[in-house]
Amino acid sequence: MPECLADFLATTLKGQRPTSEAQAQGSCAYGAVRWQWLDEGVLQLEPEYTGGARSETLKSVLLSAGVHGDETAPIELLSQMVADLAAGRLALACRLLVVLGNVAAMRAATRYEDDDLNRLFGGRHARVPQSREAPRAVVLETAAQRFFADAPVLPGARWHLDMHTAIRASAFEQFALLPYTGDAPSRAMFDWLADARIAAVLIHTEKGATYSSFTADACGALACTLELGKVQPFGQNDLARFAPADAAVRRLVSGAQAAEDEPMPRVFTVIGQITKQSDAFALHVAADVPNFTPFARGTVLAEDGTYRYVVAHDEERIVFPNPTVKPGLRAGLLVVDTTAETLASLS
Ligand SMILES: [Zn+2]
């Protein structure tokens, strides 16, 4: 088996590239899988076809990790999954694009070099052409568009799971962020999230600049960002904590049955944000407050001159609070529980 399949992570970190067309593709899993190295950290795997036309119902699945370079555990899981697929230990029942996002930042064991890559999608990279992350955003957008261009447009045929680990603690250790699409969330995605034992889902109400927002918007994918718990350096992750999500990803890829009777996640919808107005900004919550911490109506969460953020619902929960952003930017999101109505409206 070529080294880029046996250890996709290590060869990517070493910057090993195929030196010829013949070295960049081939057959693995005893001839059952066709693989192609497309770019640094970008690998495509497809079931090998023996004469027959490709099934129109075959899913196309994009799995990404390392869009933040120091979020190591999902990167290790993806690399291990590539090795298992290539060795025939895991069946491949979909077209699969595996993406290790910010390879330069992975090498430097840092979140990013110049700019947060997960804020540069949907063309935002063009605003920071000097950024070391800008060309990588272009590569990842192009790879996703090429991959999904060959996929059927049927509902549920295109998937993108972008795997992260959170920086801060969370009232729900593992949660998913669904990009705004204008449509009701999909039952297939919620069934998968339940199968992965994701405890909570945050639904965005505005378009974002994340990778999953891009693939939902530009590629028509069922897409989400997964936050799978806290970060450790390479090799120091307790991968057992990620086992339910890893198992569900492997079931999606291999076409296996989902686990039955897993509870649906709680659902929270964004209803507002705290915006930093100036350097006088004061956030009245602890710097390390866990994500999804609830606050009661009337609580003053932030002040900045005449600006105040006061909780207006019976209960609002804060997500991603960050008072150190530049003035004009978001210093925190507020969400409310919409579990009952969202689960009743899945399409
Ligand atoms: Zn991340």
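Cβ atoms are placed via backbone N, Cα and C, with glycine included.
The domain 'Succinylglutamate desuccinylase/Aspartoacylase catalytic' feature in TrEMBL is assigned to 59-252. The Zn(2+) binding site annotation in TrEMBL covers His68, Glu71, His164. The active site annotation in TrEMBL covers Glu227. As annotated by TrEMBL, domain 'AstE/AspA barrel-sandwich hybrid' applies to 266-337.
A coil conformation is recorded for Glu71 (Zn(2+) binding site) in the three-state DSSP classification, outside any helix or strand. Checking the recorded positions His68, His164, Glu227 against ligand 1, the ones whose Cβ sits under 6 Å from it are His68, His164.
Other Cβ atoms within 10 Å of the Cβ of His68 (Zn(2+) binding site) number 23 in total over all chains. In this structure, the C-alpha atom of Glu227 (active site) lies 5 angstrom from that of His164 (Zn(2+) binding site).
Summarising model confidence by region, the domain 'Succinylglutamate desuccinylase/Aspartoacylase catalytic' (59-252) averages a pLDDT of 94. The residues of the domain 'AstE/AspA barrel-sandwich hybrid' (266-337), classed with DSSP into helix (H, G, I), strand (E, B) and coil, number 0 helix, 39 strand, 33 coil. Take the CB of Glu71 (Zn(2+) binding site) and look out to 10 A: across all protein chains shown you find 26 other CB atoms. Proximity of His164 (Zn(2+) binding site) to non-local residues of its own chain (separation of 6 or more, Cβ distance below 8 Å) is seen for Ala65, Val67, His68, Glu71, Pro74, Thr225, Leu226, Glu227, Leu228, given in sequence order. Taking the Cβ of the residue listed as 'active site' as centre and 10 Å as the limit, one finds 26 other Cβ atoms among all the protein chains shown.
Cβ atoms within 8 Å of the centroid of the Cβ atoms of His68, Glu71, His164 (the Zn(2+) site) belong to the same-chain residues Ala65, Gly66, Val67, Gly69, Asp70, Pro74, Arg111, Asn118, Met163, Thr165, Val231, site residues excluded.
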